[in-house]
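Trainee: I have a structure I would like to understand better, so I am pasting it below and will then ask my questions one at a time.
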Amino acid sequence: MNHKILKTLEYDKIKQMLQGYAITAFGQEQIATLEPINEADLIQIRLNQTKDGVDIERLKGGIPLPQLENIRPHLKRIEIGAMLNGSELAQIGRVLRATSAVVRFFDDLEKDELELKALPELVAQFVTLPQLTERIRSSVADDGAILDTASTKLRGLRTGLKQLEGQIRSRMASYTHGAKAKYLSDPIVTIRNDRYVIPVKQEYRGQFGGVVHDQSASGQTLFMEPQAIMELNNRLRQLQIEEQQEIERILAELSEAIMPERHNILANAELLGQLDFVNAKAQLAKALKATEPLINAENHVDLKQARHPLIDATKVVANDIAIGADYQAIVVTGPNTGGKTITLKTLGLVQVMAQSGLFITAREESQVGVFSDIFADIGDEQSIEQNLSTFSAHMENIIQILKQIDDRSLVLLDELGAGTDPQEGAALAIAILDQIGIVGANVVASTHYPELKIYGYNRPQTINASMEFDVATLQPTYRLLIGVPGRSNAFDISTRLGLPNSIVDQAKQLMNDESQDLNNMITDLENQRKAAETEYQALRHELTEATDLHQQLSTAYQQFFEDRETEMTKAKEKANAIVEKAEVKADKVITKLRDMQMNQGAQIKENQLIDAKAELGQLHQETTLKKNKVLQRAKRRQTLKVGDDVLVTSYGQRGTLIRQVDSKNWEVQMGIIKMKIANDDLEKQKVVEDNRPQRHVTTVNSGGARHVKAQLDLRGKRYEEAMAEVDQYIDAALLANYQQVTIVHGKGTGAIRQGVQEYLQANRQVKKYEYAPANAGGNGATIVTFK
C-alpha cells in the first residue's frame, strides 16, 4: 500500500500507540515494520491472532512476557567465536526462560479448554531448551553477575575469599581499636589498589611499617598497608585473580554451549516478539474499545457507528458508513466545517487498521473490504481562499491517483474541484468521478458544489450524502446522512441571526427556480428522514420494553417452577412421614394378627398380610426430584448480598459485590476496576480460610552494616568537608559489603554534585552511578552501584 496514504491518514500515530504497549525489542520491530496488506487469508490470520490476544487479555490478563532486549548482536558474536559477558548471557537466559514460561502458559490454556484460533500454531514453533536454560539460570544472575553455583571451584574460591577478608578485618581491628588508633585520621579500614589499608596521619607514618598506597587530597592522611597484613593481602589478591580466571572460563563454556542452539534461540526471540505484538494489539483494542471486523472479499464495506480512533472518545461522533454493495460512489455535499474531512479519514484509517490485522473502532459485525490500495487527496486547509497553486497541487495528486487505481481500489477525495472557478470546478469533479466509475473503484468524495447533488441522482451506483447541521443551534452535529444531499442553510442561519425577512425573501427570489426546487427537495428528504428516525427510535424503545418484559416473564416463569418443585418436595416429605407412621402401625397390626393366628388358629393367610403391607409401602414418595435444567439452575443460584465474594464467569475474575444496581445487575469491584455485571454472570464463592503456614524469611546482616547507613547526606556541608566524607563513606560501604548506596548532595550550585561524580568516576570499586528517580530526589541524589 502506498506510503502517502498512510501519512495522510496518520497511520503512524496508531503505530505509536501500539509501541507504547510493546515490552520486547522484537515486538517493537514487528510494530515498526507493520503495514496494511491486501491478501484476505493473511489478513484473517492476523485478525485471528488479535482475537486470541483479546480473549487472553480478557480472561488471563495477557500473555506473560518480560522485558526482553535484542539478542541478535550477541548471537552474531558467538558465530565468530567471541565470548559473551555476563550481561549478554543474562539477556539470552531471559529469552530461554520466557520461552519455557510461554509454552507452559499455553499448555494450561489448552487444559482450561480455551478455544484459540491462531496462536497455538505459532506457539508450536517454539523450541524449548531446558538443559541450557537451567545451566544459564544457575550460573548467571539477572544483572549479569556470575553466581557461586556456576561451578564448584568458583564457590570454593569465594568461600576462601570471604574467610581471608574476615582474617584481614580482624587483624586490622587491632590497629583501629588498639593502642595505635590515636595515630589514625579515622578508626576505619579502607581499600586502595585492591588492598586493605588504614588512614594514617602524615606525621605518624613512621609508627607503621608497610607500604603507602595513596594519600588524601590535602596530603594530611596516608593510606598505608601495614607490614603485618601484606602477606594476607597478597593471598587475597591471588584468590581474586583465580576467581576472575574461573569466571572467564565459565563465560567461555556457556558461550560455547549456546553456539549450536543460536538459530533456535533467535527464532524463539522473534516468536516472543510476535506474541508481544499480539499483546500490544489486544491492549490497543481494549483502550480504543475496538471490535473484530468481518472481512468481505467483495469489498462491501459496512461500518456500524465508526469512530475516528485518534479523536477523544468522549467527543467523537460515530457514523454508519457503507459502500461497495448498493453503491460504489458516495458524494458528500454541504458546507465546510461540518465534518466531511473527518468522515473520509475515519473510513480510510479504519480500513487500513483492519488490513493491518488490528481491531477497528466500530460496533461488532462491521464489515471491511480488502482493497489493493487506498488513495486520497485530502487537504489540511478548507479555506475558500484557495489559489491556483493549491488547485494545481490537488490536480497533480488526482492525476497520479487516476493512473494507479483499479477496480479493487478505494479513493477518498476531499473538496473535489475546489480552488478554481466554481462552474469549471464542478464540471471537473463530475468528469473525475465518471472516470473513477469507469475503472470500477469505490470512491467517497466531498464537495460544496451544488451541481454534484444532481450527479448523485443521475449516475448509477452513486448516492448522495451530507453532514447534518442543526439550524436551531447553528452548529454542525457531525452526523453523516446517507441518501440526503447537503443543502445550504444560509437563509435559515441569516434569519435566526436577525437579518430582516424582507432581505431574505428578496434573496430567495434571486435564486433560479432549479436551485430553489433542489433545496425544497432536500428539505423534504430531510424531513422524511427525521420522521423515519423518530419512528425508528419509537420502535426501538418498544422493542426494548418488550425484551425487558419477556425477560421478566421468563424469570417469573422460572421462579414459578422452582417454587412448585420446592412445595412438591415439602408435600411429599410430609406425606412420606405419614406413610412411615402408617407402616409402623401396620407392622404392629400384622405382628398382632400373626400372633393371633399362631395362638388362636385364625384363618389368615401369610401372603395376604404381606400384600397389605406392600400396598402401604407404595404410598411412599421419593423426595428427590428428577433432574431438570430449571431446578439445576435454581440450585446453583444463591442469594447475593453486599460484601459477597463472587466469580464473574465471563471474565474468569473474582470480585466483591459493592451494591445492587437493579434487580438484574450488581456493581462488582474487581481489583481497581468497578463494573456493572448481570446476575446471571455471577457465582457466589465460598470464603476459604488461608491456613497456609507463614513463610519465615531469614535475613543476614552485612558485616559492617551496623555502623554504616545505606545513605550519605551531604546537604549543608562545605565542599572540602563533603569530599572527605564521601571518601570515608565509600570505603566504609565497601567494607560493609553494600551493593548499592545513595549519596544525597542536593541541587544547589552543583559543585558538590560534580565533585562527587568526579570522585566516583575515578574510583575503581564503583561499577556505575546515576541520578535517583524523580520521586526519590532526581539530580539531587546519586545512586552508586559497586562491583
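Cβ atoms are placed via backbone N, Cα and C, with glycine included.
According to Swiss-Prot, the ATP binding site annotation covers Gly334, Pro335, Asn336, Thr337, Gly338, Gly339, Lys340, Thr341, on the basis of sequence analysis. Taken from Swiss-Prot, the feature domain 'Smr' applies to 712-787.
Distances, neighbours, how buried they are, the whole picture for these features please.
Mentor: Around the Cβ of Lys340 (ATP binding site), a 10 Å sphere holds 29 further Cβ atoms from the protein chains shown.
Mean per-residue pLDDT, taken over the domain 'Smr' (712-787), amounts to 85.
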Trainee: Report the member of Gly334, Thr341 (the binding-site residues) whose C-beta atom has the most other C-beta atoms within 10 angstroms.
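Mentor: It comes out as Gly334.
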Trainee: So how many other Cβ atoms are close to Gly339 (ATP binding site), meaning within 10 Å of its Cβ?
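Mentor: Within a 10 Å radius of the Cβ of Gly339 (ATP binding site) lie 23 other Cβ atoms.
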Trainee: For Thr341 (ATP binding site), which DSSP three-state class applies?
Mentor: helix
Trainee: How do the residues of the domain 'Smr' (712-787) split into helix, strand and coil according to DSSP?
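Mentor: Taking each residue of the domain 'Smr' (712-787) in turn, the totals are 35 helix, 19 strand, 22 coil.
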